[in-house]
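The repeat 'WD 1' annotation in Swiss-Prot covers 125-164. What Swiss-Prot records for 169-219 is repeat 'WD 2'. Taken from Swiss-Prot, the feature repeat 'WD 3' applies to 225-265. Positions annotated as repeat 'WD 4' by Swiss-Prot: 268-310. The feature repeat 'WD 5' is assigned by Swiss-Prot to 338-378. If you look up Swiss-Prot, you'll see 397-436 marked as repeat 'WD 6'. Among the features that Swiss-Prot reports, repeat 'WD 7' is placed at 459-500.
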């Protein structure tokens, strides 16, 4: 008898084995063979076995036991993954607590994520939906904009009252607002370098504002050329005087903000272009559209490089993912496609992009492996022989439209907001470790969140993989704008503000 099984279990197992084997013995040899097996296992003749089997063993008993064990094994594996997932959540939760005892040398800032309860709720848009938010890249200044054309400037160190409110900054909804990445010399000014803010509106205009004095915003110039609603703006990362815009007129344009002239204009979609982003070197751009697609283009020529197709509705937002995300996504992509893709192609380092993330009205957040361009000997870039991007992950926890996406400075967390009144925080590390496609944290909101912005660390290379350096430069602010005219702000209590 087995040391593991009781005597009763041991006999039951032997009976089940005989019952199972009986179906595999040819009929002409059944009496002899089964009787022999019966005597070996039970020390009983076949007739006695038949009587016992009918009385004590259900039909197909061994098969039922075996499938039950398999189901139990799968359940144990699922529970182990869940326990690992929850353990990691607790660890990150402890690091993100505002009153944690973690020492200053730890990574408590770079691992900070907003808690369930916000730090403060701001209400200066008179009930008009907040449509755009941006936090200055190195000053403690936040700009919010709303559907009635109002801009509000906030000092993050003193939120008692806004620094300035500009009513009728545009005659229609302001859909996008962006701070310049760094100071630039204005071509029409002998003054020192300027800090600029750009706004794009449904009135078809882009306005450039001087924020040298954040309490006295001044309009420098107006850029005209779009023939329909302006959806999104993005300053060039290496040539800060250049601004990229996209519009309902299906075009993507590059502007010289010093002169107001259009440097480049191209049509890459068959419908409204909703979102635009630029990679770190400024050579490539991503656009998303009402035509359900995402387009990768050369920002030098407007030439299409690749196309991502997989959303089933309007794609509201698209962003390049930092190269630091690769350590999480390479493994996921390799497992999904069984190493069919050239995940480790060194050309990704040359073009300085690899993955992107998008959110759409099909309620999903998608992560894509971007295609590489063909680079000719003259330096021109062309679509590859396989220009279609690969869908790596599709996250479907939102129950309504995904409106906006932000990437955490540590390149591990992704934050998405949706019309289901949810702010979902995704952990790429947990997605890799647990294989559970669910958010690390989900925060419910009273109003419908429509836009969000997370403060960038005050550091030259914001995609640095030096976590200690990033931790020191981290500014722990997350702002979310809502359709009820409020802005919800999360903040980690830090004694020192890191301002250049």
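Every residue, even glycine, has its Cβ placed from backbone N, Cα and C.
Pairs of Cβ atoms less than 8 Å apart link the repeat 'WD 6' (397-436) most often to 338-378, out of 125-164, 268-310, 338-378. In the predicted model, the repeat 'WD 7' (459-500) shows an average pLDDT of 79. Here the repeat 'WD 1' (125-164) has, by DSSP, the following mix of helix, strand and coil residues: 0 helix, 19 strand, 21 coil. Secondary structure by DSSP for the repeat 'WD 4' (268-310): 0 helix, 24 strand, 19 coil.
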